[in-house]
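Enquirer: If you scroll down you'll find the structure; I have some questions about it.
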């Protein structure tokens, strides 16, 4: 910022210094008088006519302020006792405030505070303003950059200085009314130049600055607000749209609080700071107390304290209410004591009865469980044997399953390998087809190469001939030219000799010679014409010869090409016929393959179904054999007893239980599963049963279970209400005789029938437990256990349908059926194998056929290309021939022209025949006159003329021939070049195809090798599958034999389970009776040491020695004692309720008391913390205020005092001032300047306590005199390095001390600005 001599306007934002170097010239100041309280202090500067510079006065003030600060020995003592000589104010801090200040404020605290402020971290400052169409600023105007410490805004009245402050206020969220406008749209600039603008905006650029006034890199922050014509506005932060709350929070984090706006002191507002009331009169107002609390930070406690006070008040009300409710419930409890005692006596008697019943039930249970143990041991033995069979059966099943999985895995592997084979075949076929295609292409290219080679050789020979001819022409031409030169020389010599002879005969022949010359002159045009015609004729004759030769060549080419085309067409037709037959064969093969594939799928399904039927029938056969064996065993017992009954030796025998009733076939599985006792034998009494047992034992016929009708308890057999109205299994039976109903009910009880397992679960596990069986044989017991289901279900239990069906004849029939199915299975398997072989054979033939077809297609395609090529060649030749023949007009014209030339020459000769004759006659005369010598010489000359003409004609013909050969050579060269290029391309293509063919052959060989590997692997897998299938068939037969043994054991186990079930039912009965016994819990009303709350446990010895008859007698006595008494049991519950209610209400009351105590502590702590923090800050601010006021006024005094010393927050804070050499006065009684100084002293004191990085002041020095302006300006410059001051001032004492001046001026009703660095100038 040291650019010199550069003037900056608002359009050039760089900062410049328009002053020369400080040592260049002195600076004159106007005459001024500095008034002060002591003339002695400023005697050296009074009435200075010619001062060296303003800095002298500034230095004086700086020294005065520094001395004042250094002279104070102790701020706290000075504050308390006014040791500076000024009278102490009796209405100042009273005893309480003095105590608080001394308690919370010490000199060390203040010094520490000062020391802390010396460590200046980076702070946020306003760098510059960018105003666009804002109020008086038209267009975009940049105001600034501002100095990080002290900047002054100067300019004439009305130029727009305050609009700078308005711009800041606008961005800081002030309404238009605060900016001296009625609405936001009024802020948009309007002038003659810019009468109608749509918007205006102000952008503030902030930067962070270090203590040495260097800016922090990357710290730039821009905040912009834009107002529109429709009175709306938007905020932007760093160019991104934002909101006022976001802007406010962002700046608050940087230290600029937009809510309290302490940093803004607007025009006319400086005096109002010190004139604030001690505290706010109403909510929303601000008093001095609130002003200080916001700065100190204790205002945050106010809403919290108020909220807690409200809660404390509410808690007092709740405590009173809860105490009243507690007393009410205690009174109600006392009224129930007598009724409670009566009920307790009755319940104790009932508990004694339940004790006796519990002991009786436990004794019976002990006996039942001993019996259950014996049955269980036998059952465990049978189940152990069954388990061994099951393990063997399951092991076999696992082996079969594992082998099946192996077969499945191998078949999947075989399928994968088969797919790989197919894929390899297709890949190999694809490569073979590509090979054939390339071989055909190679064959075609080799033929083409051969033809091209012949054509190149022929053309090369013709070109060589033409070039040789041209070469010999040059030699011959040279010879002829040499000969012409010799002849011309000789002719010249001979003519000279002839002229000499003529000259010698001139006298004799002059007349004749003249006549000859005249006639020769007359004949010269004709001779010239003849020579011209002869030359033209020779040219036309050459052209005519060329046309005739080309036509003959084309005719020969057409005939040759037509012959080749006919041969190619015959070859193509032959290949097409072969291809057609091959395609038909391929189509037939594919059709047959498709049919065979379908037949294979059908046959596979047939084989699968046949195998499934075979295995099913085998299983059925084994089950029938096992069932027949079991039926025979069971039938022997029943049949023997039946014969005994028929012989009248066994009265009361009724037969098998399942034969004494019938049921619908739909419920066959359900009854067979739910009632294992259907095979039990029914007798009338124990005696009959004992006879049956003795008979079976004596005859060694086996065992049987019996149901004794007379021993069955009488039950209510009427229909019952069931869940979801499902039927009860007992109700579905049709009895042979109603007397058998109790027997069936005894084994079935209330077993229900559900349609499916889902319905069974709903019913069985409902509120009431039920025994439920499904139609498919799944049984859910009351205990929750589930049995039955699976692949093999029980059926035929109600009748002997299955037993009667399983006869030896039916077993034999089933065996024959199994053998028949086995034969069919093997036959279908053989047919499937044949189909697979045929499918494989067809699959192998198809690729070969496709390969042959591919070759034929390539041959046909090649022939078609050759035919098309020959046809195009013939068409082109015929087109050329036609073009030549169409050019006959030219040929006729040439012939006519040559003929006309001949005629014209002949006519000329005829016309000049007389002259020729005359000339010859005259020449003959000269010959006669000249004699022999002349004739000889004349003959020589004529002979030389003839020779020269002959040689020249020969030379001309050679020139024509040379031209023709040159044309032919060029034509041959072009054609040879094309043929050579085509030959090279063909050769390259052949090499490429050979490489491709070699690579493809390699691929084909590789895929053939892989195909062989896959085929070998497939054969190995199929062999393994065959071995596994044989193993599975053998194991399946073994498993069927194990099934028969298992069925016999299951029947024995079922009998023992039935017996165990009966014992279990009896056990459950007494367990249920025991579970219904519940002792009344009286421990909460009686002494726990004398009152049992649970039943006692008994040892086996105690149970075995119990006298059941005595117990029954005692139980009877207790029942009579309790049956006749009537008591209201509900009294206990009511007493219990009252007691619990009393405890609950007492607990609530104590809890609320504790809550109230806690709230009181919270409120006390908050109030104490608020007071402590406020008084600490208040003491520091008071000290600083006193110090600031003394510095600013040079001897005055100011105090902040509490209106109520006991409670600073009740009446607020007073601001009292004692101007220099005056008494203590209230702020309202001060002059304008004194009010301003007081406010500024408070502002500076608050800044010292809690610095704000930015202050914006608008003409705060308006009411101050020259001296006070200088004091304030010096203080701002020297003592506020940690803040940025932007001051609008018209007082030179103020703005001359600023570090930077921002000048505001207006032209054409549009404000502009200029910024300069304000540097001091030293005088000589």
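Just so you know, glycine gets a Cβ as well, placed from its N, Cα and C.
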Enquirer: Could you let me know which of 19, 86 shows up in Swiss-Prot as phosphothreonine?
Expert: 19
Enquirer: Swiss-Prot lists coiled coil for one of the ranges 1269-1296, 1297-1324; which is that range?
Expert: 1297-1324
Enquirer: Count the Cβ atoms, other than its own, that fall within 10 Å of the Cβ of residue 160 (ATP binding site), considering every protein chain shown.
Expert: 25
Enquirer: Once 155, 156, 157, 158, 159, 160, 161, 162 are set aside, which residues in the chain still have Cβ within 8 Å of the Cβ centroid of the ATP site?
Expert: 163, 1304, 1306, 1311
Enquirer: Sort out the sequence-distant neighbours of residue 155 (ATP binding site) for me: same chain, 6+ apart, CB within less than 8 Å of its CB, listed by position.
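Expert: Counting only residues 6 or more apart in sequence, the Cβ neighbours of residue 155 (ATP binding site) under 8 Å are 161, 1303, 1304, 1305.
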Enquirer: Going by DSSP, how much of the domain 'SMC hinge' (651-764) is helix, how much is strand and how much is coil, in residues?
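Expert: So the counts come to 59 helix, 18 strand, 37 coil.
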Enquirer: Quick check on the binding-site residues 157, 159, 162: which one has the highest count of other Cβ atoms within 10 Å of its Cβ?
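Expert: Highest number of other Cβ atoms within 10 Å: 162.
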Enquirer: Same chain only, sequence gap of 6 or more: which residues have a CB within under 8 Å of the CB of residue 156 (ATP binding site)?
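Expert: For residue 156 (ATP binding site), the qualifying residues are 1305, 1306.
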Enquirer: For the coiled coil (825-1077), what's the model's average pLDDT?
Expert: 78
Enquirer: Of 158, 161, the binding-site residues given in the record, which has the fewest other CB atoms within 10 A of its CB?
Expert: 158
